[in-house]
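These features come from TrEMBL:
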type	residues	note
COMPBIAS	531-543	compositional bias 'Acidic residues'
COMPBIAS	577-596	compositional bias 'Polar residues'
REGION	521-556	region 'Disordered'
REGION	571-596	region 'Disordered'
REPEAT	47-88	repeat 'WD'
REPEAT	90-133	repeat 'WD'
REPEAT	657-688	repeat 'WD'
Amino acid sequence: METWSFPDGSIANLVERRQIFDSHQDVNQRLQAHSSLMQRLALDKEMEGHQGCVNAIAWNSKGSLLISGSDDTRINIWSYSDRGLLHSIETGHSANIFCTKFVPETSDELIVSGAGDAEVRLFSLSHLSRKRSEEVAIEPVAAYKCHSRRVKKLAVEAGNPNVIWSASEDGTLRQHDLREVSSCPSAGSSNQECRNVLLDLRRGAKKSLADPPKYCLALKSCDISPTRPHQLLVGGSDAFARLYDRRMLPPLSSSQMKMKAPPCVNYFCPVHLSEHRRSSLHLTHVTFSPNGEEVLLSYSGEHVYLMDVNCDDKSIIRYTAADVPKHFCLAPISGESKRPLPPAVPSSYQLMHRLDVYRNLVQAAARILEEGSNIYYGIEACNEVIDGKGPEVGHSVRHECLCIRAALLLKRKWKNDVYMAIRDCNSALKINASSFKAHYYMSEALLQLGKLNEALEFAEVAGNLASSTCEAEMVATIKGHLVAAEAEKVKKDNEDTPRSETRHGRLRSLSDVLFRAELNSPHSESRYEREDSDYEEEMELDFETSISGDEGRDTESSILRGSLNLRFHRKDDSARESSSIDGAEGSPSSSSQNYYHTLQPEVAIDMKRRYIGHCNVGTDIKQASFLGQQGAFVASGSDDGRWFIWEKRSGRLVKMLAGDEAVVNCIQCHPFDCAVATSGIDNTIKMWTPHAQVPSMVAGGIAGPETADVWGAIEINQRKLCRNRELVLPFEFLERIRMHEFAEGTLHPFECAQS
């Protein structure tokens, strides 16, 4: 094995450096999440103590204690030193606990929880007995009942023992000052009168970047920057994570009147998701990196994406709605074009040796492309060359590698691979604007997207750039595919025309049925108000549900299943737009109309890295986390019971572990040690430490190495992603079905499933 096979160097060298130089902190941080240790992770302890899904885990600041919250409405406190249960607290919540935290700077005596009963509760551990595993029911020192829907996430600020933030599916993020009141609402008041709303996003969601925000953003996650605590990150029921500056937000308000969503500092969204109008696309988790310079977004039915926060960095890709088509394809170059940039010159023998290794990787990827097998390995080789920690490769090698990776992505056809191929083609064209391969693969990518006219333009230019009979035959083949696709499109349009002319009588809308049931509920007036809805399609619905049993690894085990028979009669778009803006508040004022007509184009930040392999469709609390104090690795749970670790810089998968019988939801790295806690549908918490004898990509638990094929497991997950989220009902429909058809706890332990 070569000395640089681990991109972060040798552990022995790091330890020696720590002994010689006075740089303990930097070396310790690098050692905590060294790649060789990540590849040695194995199950250390399975911690038992809950009686339901464990939906939340968090460390205290010292790393000596771990707190967990569960469907059993208990909070457990665990000792890190011996993995033992110290306290099990009956919280009094009437529904699943989704989030729990230690309050900073309180000597770990104050803890807080948020649950599906829409309550936030604060507890003091100072009067608990020192005896271990004592099951006690203690009264909360504060209870905040001002939310109207499930509380999905809590946030605290390091060094601040006085304030807690709670994010709820009611569209509000509230700020609770522990110095002011011990409970809210006060006696005789309604929850709408509590003046603790920091962010009112009940008119904050949007379907695309071009749309004005006007729908309720059901918040799923929030985070406070560890280095700039005035920065607040939120994510919810649309595709956009939002960064706010708390210093620029309006004063705290009540929820009696819906407010316009305050402007955010930045939107974060991969450009290829910014115009997807699928209402099912939403975020399940958002988080800052340890240094506050990056954010990590985990999407339902999608992948995990890394974004930059620093707006001054010129390498960050910013875009508006008008820029989206430009990012999908640059204009093809038909005339004289600039020459490729000169290659970089290595300055040492060691660098030349590494560049030779990179050239060999590119050649191996080219062979894989030609043979059509082991495509994943070919893409990983290209990732190492383009995004690895080695030296910057020359422009010619980089161009070749980008084109090969684009071709491999188009062959693999995993979810959104085509968009990644377009990004590579654009990057290759910036290096060499007269590249035949870049134009050819861009044409193939646009063909897969159904953009036939644009694909033909690139095919024509590729034909002009062809320098051999083989390249000319490749262009002729893709032109033949374009002709066939165009004929199929015309045939389909002709078949659909008679159907569109058919008229049906008005059907009762699903939203009418659900809202009427909601209004007839005796608790509807105090608990839920009708939110503005964009989903007023008329339909008939036949919905049946069942719980899946043990049907093999290829199916999502322990997930609520159903069959739907729908007939849609969509309203006119313009009428629906106006009714959505009016909502339940009557005719809009002139100022409201001016707001929507004068809204300036908003800017979003594009992804810089994508992490693939896991599956996130079954639960809406699935986390993606940074590992280590330097955040050099990224981890996520998965619906197949595994959890995945990637190298942050390159996106390369370094570890896959079996962590649950059904679904892994939560992953939290120890603040200082190389130890990771995970939880999910199982009633237990797993602690992982690097005690395996040899580093490997795959490992199970104490039973030994896992025998499953890594790439086969990933392939199954990608198929699940492609087939599960394209055919579901809009988010708001599913939310109301869950609320009205199933009482909390009746589908135990499936309450953490997608709304």
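Residue numbering: from 1, along the chain as shown.
Using N, Cα and C of the backbone, Cβ positions are placed for all residues, glycine too.
Automatic prediction, not curation, is the source of TrEMBL annotations.
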Taken over the repeat 'WD' (90-133), the model's mean pLDDT: 91
Spatial neighbours of the repeat 'WD' (90-133) far in sequence, C-beta under 8 Å, 6+ residues away: 49, 52-53, 55-56, 58-62, 64-65, 67-71, 73-75, 77, 84, 139-145, 147-161, 164, 166, 168, 170, 174, 176, 178, 527, 621, 744-745, 751-752
DSSP-assigned states of the repeat 'WD' (657-688) in counts, ordered helix, strand, coil: 0 helix, 18 strand, 14 coil
Within the repeat 'WD' (47-88), residues counted as helix, strand or coil by DSSP: 0 helix, 24 strand, 18 coil
